[in-house]
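Feature annotations, courtesy of Swiss-Prot:
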type	residues	note
DOMAIN	7-175	domain 'Era-type G'
REGION	41-45	region 'G2'
REGION	62-65	region 'G3'
REGION	124-127	region 'G4'
DOMAIN	206-283	domain 'KH type-2'
Amino acid sequence: MSEEKSYCGFVAIVGRPNVGKSTLLNKLLGQKISITSRKAQTTRHRIVGIHTEGPYQAIYVDTPGLHMEEKRAINRLMNKAASSSIGDVELVIFVVEGTRWTQDDEMVLNKLRDAKAPVILAVNKVDNVQDKAELLPHLQFLASQMNFLDIVPISAETGTNVDTIAAIVRKHLPEAIHHFPEDYITDRSQRFMASEIIREKLMRFLGAELPYSVTVEIERFVTNERGGYDINGLILVEREGQKKMVIGNKGAKIKTIGIEARKDMQDMFEAPVHLELWVKVKSGWADDERALRSLGYVDDL
């Protein structure tokens, strides 16, 4: 009896900031793994999400959004991470937003024209397009930009046509042995995922108040005698005023962030979590490449 063939390959999800790349990854995996918020630049590392279905294993790389501004060290590193993801994959999903087309979209497209991998164009947030008559001419405009493998209008938020993307991915995976066991959904450590969950809550609850000068270090991540985890998170900001903002009036803001982060961690780790958070000022970290390296921003470039 012949052994069943297996298929496996890397798939990069690329696009300018805030077009819904992380939401799409979470939908493709069937669970939350990459952080999502309405602010641009929420994804700072390349997250590998793994989806195994029978003989097919797709390994998704969720890149930071490519964008024009490279003034700060952190933005330069994020662009480098996104560009390097494009180079070594079997397939690329290029995510754009509705009928919007910007200079940043153009920049991503130019990088993709040089890439060897076939590109699926996912036109996200089509449910938000007010005038549906604009959609068809825009899709025709997109089709003329490059020879895409396929163009799929989707809503990552509601899941519309995400199964179509998944089917195209499966069809184009090369024959290969699986890189990961079938129950793996990410190659990232639980410690890393804990820091991402806290960072998402910071983005969500502080909104536009807080600039991108915030990051999270997990100082302690241990199993306790109750079969759960004790986690200590350190939130780093650049200025004293930002520290007050994170803590909130009588500690209300950081308490909310902690409660919501703990819920998500318990769902993800399937165990009770005791979480403690502190806030510390570390000025200039987003401008300093050495500081970024020490915080793990460059470990995967």
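Using N, Cα and C of the backbone, Cβ positions are placed for all residues, glycine too.
Long-range contacts of the region 'G4' (124-127) within the same chain: residues 19-20, 24, 95-98, 135, 153-158, 160, each at least 6 residues beyond the stretch ends and with a Cβ under 8 Å from a Cβ of the stretch. Averaged across the domain 'KH type-2' (206-283), the predicted model reaches a pLDDT of 86. Secondary structure by DSSP for the domain 'KH type-2' (206-283): 33 helix, 28 strand, 17 coil. Helix, strand and coil residue tallies for the region 'G4' (124-127), in that order: 2 helix, 1 strand, 1 coil [DSSP].
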